Amino acid sequence: MVKICGIGAGYVGGPTMAVIALKCPSIEVAVVDISHSRISAWNSNKLPIYEPGLEQVVNQCRGKNLLFSTDVEKHVHEADIVFLSVNTPTKTRGLGAGKAADLTYWESAARMIADVSKSNKIVVEKSTVPVRTAEAIEKILTYNTNSKGIKYQILSNPEFLSEGTAIQDLLNPDRVLIGGNQCPEGLQAIQKLKAIYAHWVPEDRIITTNLWSAELSKLADNAFLAQRISSINSMSALCEATGAEVSQVSHALSKNTKIGPKFLNASVGFGGSCFQKDILNLVYICESNGLNEVANYWKQVIKMNDYQKNRFVRRVVTSMFNTVSGKKIAILGFAFKKDTGDTRKTPAIDVCKGLLGDNACLSIYDPCVIEEQIQKDLSMDGVEFDHPVHLQPMNSTMVKQVSIVGDAYEATKDAHGICILTEWDEFKNIDFQRVYDSMQKPAFVFDGRNILNAEKLREIGFIVYSIGRPLEQWLISMA
């Protein structure tokens, strides 16, 4: 029986290994992590991450050919193939701070593999890493195991999952990318990994490249997607200024087959663990190679995203008589997108901090994000979000004006305004007449996801702001 070990039981490692176990019952899959609490959660009835369909997959395989363990060294030692899915957050200090990827956890995992290995192994990069990271992995493994006569092949197999649809993305991927050395041994390793995916992925969707192309493709993929979001968000500002309707512009663009319909919904901004981190990484690589014009081009994608969040906050404050001091603002949605509990780099963090900076009182409701996570997110700075918990500071004074509540009606009671920051489906079904009756007047709705019927809200009596849509007279006069 082929044995696979996945190091890292997070958003990538856990679901990916579970689906491999589901589709390859003859392969023994071990998911390992040094976090006892995380592994305990994977072995419980309450998984550590929320992802539609994940629980069913885990329940089908756990205890058969899928196990979760903290005995990292044992399962790495026994494995034929080791998947590395450890965090590669942005550096917070030192050379490249604020841009470069921090490879501390990745290097530690590579050294551990070298220490415990007694047989040849294929090591697969799943984490998003800088170009030529595989070369560094190979050096660490080779220099630490020369005397053992062990041989390694390094493959790059980046993930292209979208949170909220990760299981479907894994079960029916639009492509699987495998990069490896183009020597006979490297090509053989590529074929071994390709054979695993071939259990359920059509061969024409499995793309093979050299190592460097695979590593760069992942960074480029996220950069291009983020660029589309920033592009349509830039149009949303122009639409508001000219009276155009951004959804109509998006629809017209989507009918151009060279552009297509995806990632053309204007919003308060993009979030998640990957987009900003990977663009910053790309910027750092460009600068390191003297490509400053290229670096500046990609920096603008992040600048536009920051501009969109700041613009939203300014709209809230200026609309409400140029101050939200002491006013209750209901925040509906905190996750960076619907169908996930992930809050990493969610635009809600910057919007909430902006409102708190004007002394607002926030009442936050999200169906999947717990109070502890929200308070922690509002206390952290910059790029700390993806580092271990013990390195994440907690400053309780920052969240005194924040309350976390159990439903939308509690959040909006006696509020002056509502901010929709996540496109949860349940928000479309709220009884807004009931909400309006319980709010302070005038009552405002600021729809950061364009999911509500603005005209119906105005008929009830709300003053409504929707991103990229023509502004009503109140908003124009208060700007």
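Every residue, even glycine, has its Cβ placed from backbone N, Cα and C.
Heads up, TrEMBL stuff is auto-annotated, nobody curated it.
Per TrEMBL, the feature NAD(+) binding site maps to 8-13, Asp33, Arg38, 86-90, 127-128, Glu163, 274-277, Arg344. Residues annotated as active site, nucleophile in TrEMBL: Cys274. Taken from TrEMBL, the feature domain 'UDP-glucose/GDP-mannose dehydrogenase C-terminal' applies to 330-454.
Taking the domain 'UDP-glucose/GDP-mannose dehydrogenase C-terminal' (330-454) as a whole, pLDDT averages 89 in the prediction. In sequence order, Ile49, Glu51, Leu161, Glu163, Ala166, Ser273, Asp342 make up the list of same-chain residues 6 or more apart from Tyr11 (NAD(+) binding site) whose Cβ falls under 8 Å from its Cβ. Thr90 (NAD(+) binding site) sits 10 Å from Cys274 (active site, nucleophile), taking the C-alpha atoms as the reference points.
Taking DSSP states H, G and I as helix and E and B as strand, the domain 'UDP-glucose/GDP-mannose dehydrogenase C-terminal' (330-454) has 48 helix, 19 strand, 58 coil. Cα of Cys274 (active site, nucleophile) to Cα of Asp33 (NAD(+) binding site): a span of 21 Å.
Here the Cβ of Asn87 (NAD(+) binding site) has 20 other Cβ atoms within 10 Å, regardless of which shown protein chain they belong to. If you take the C-beta of Gln276 (NAD(+) binding site) and look for same-chain residues 6 or more apart in sequence within under 8 angstroms, you find Ala226, Phe270, Ile302, Asn305, Lys345. Around the Cβ of Asp33 (NAD(+) binding site), the same chain contributes Ile7, Gly8, Ala9, Gly10, Gly13, Ile39, Phe68, Thr70, Val72, each under 8 angstroms and 6 or more positions distant in sequence. Counted within 10 Å of its Cβ, the other Cβ atoms near Thr90 (NAD(+) binding site) come to 23, all protein chains included.
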